[in-house]
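Participant: Dumping the structure here so I can ask a few things about it.
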């Protein structure tokens, strides 16, 4: 009996997290189909899990980045620039894919929804201004409000300052980083219970009946995201590593994308991505900075959402869009997507900004936003899964490419 209990505990604490998450997913679907009331009650597990991830993510980013920079050795490469380049290429490519799909399969919206009582940003300048204000945020406010741009700036600043500290100070910061990482691993082990609660409560609250009216729009949105995740991203990774990208792509989708799909929060998925980078044996100096940065600016899914819904509104109103305008929309959508994390409501509230390019009034644009909220159960989940899994994917591609370069240099030196 004790042996069976120890085996069960070992499976819970050390077993495959992906298998456990799939079990939680299946259990959530079964519970929602059997008892709506019980499924709603189980939602507390999901709320607690997402809350725990959001609670630990800001302090994790602060301590990890600070420790990484404080203990950084002179001359050691961090590879942030090539990672940023891939982030921008990936986001712009996603916007282009969304334009092509919207032209090939134009969607029409029933624009009769009530305009939401929310205020979108008035222009791209306001979005950029919001990002700049995030940079100079009070560090306590940045931690409390999960302002990752502000947290990164303070972490980098403190890390540089601590590089001039004593060895014992650096050691203490490193120990703090290890302690927070250990807490994160404990939280992540509760992912199956969290996913179980999230799936059960979501299905009990909304079901999928409300989504059928927007089936065509959802097919274009989800199709675009699948195309980016399974075709465009692998091509970018292949260009970087010059070998089969799919083992890496599928692992990132499985271990990062699945969790992100159900938490629907790039910030909450930061600890999951950090743990996956550690498992992939990537350079900590690179991923400790690039993961929180990716959660802020690497927004391929958001670029697709903004582009598809904006073009759907234009098509509904009979507005003709030429190729140069479509390309300009791709650029604007990419810039908007990079600022999505700094706007309450994310990518949906940046749709009016893109709609203004075509002279679409704010009232109609806000009705498009309302449609976005209706389909958000799937749209937001898929968007977050693409955004978050791409962060790890591109970091891994850059790290593998750099490792290959170093190996080639060593080989040539030996000849």
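First residue shown is number 1, and so on along the chain.
Glycine too: its Cβ is placed from the backbone N, Cα and C atoms.
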Participant: Given the ranges 310-330, 331-351, 352-372, which one is assigned the annotation transmembrane segment in Swiss-Prot?
Facilitator: 331-351
Participant: Choose the correct range: of 268-288, 289-309, 373-393, which one does Swiss-Prot annotate as transmembrane segment? Give that range.
Facilitator: 289-309
Participant: In Swiss-Prot, which of 112-132, 217-237 is labelled transmembrane segment?
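Facilitator: Of 112-132, 217-237, Swiss-Prot gives transmembrane segment for 217-237.
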Participant: For which of the residue intervals 45-65, 171-191 does Swiss-Prot record transmembrane segment?
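Facilitator: Range annotated as transmembrane segment by Swiss-Prot: 45-65.
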Participant: Would you kindly check 45-65, 85-105, 217-237 and say which stretch has the most C-beta pairs under 8 angstroms to the transmembrane segment (142-162)?
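Facilitator: The listed stretch sharing the most Cβ pairs with the transmembrane segment (142-162) is 45-65.
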Participant: Among 21-41, 85-105, 217-237, which stretch has the highest count of C-beta pairs below 8 Å with the transmembrane segment (289-309)?
Facilitator: 85-105
Participant: The transmembrane segment (217-237): which same-chain residues, six or more beyond its ends, come within Cβ distance under 8 Å?
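Facilitator: Apart from its flanks, the transmembrane segment (217-237) reaches 86, 89-90, 93-94, 97-98, 101-102, 105, 107, 109, 211, 245-246, 248-249, 253, 257, 300-301, 304-305, 308-309, 312, 371, 375, 378-379, 382-383, 385-386, 389-390, 393-394, 396-397.
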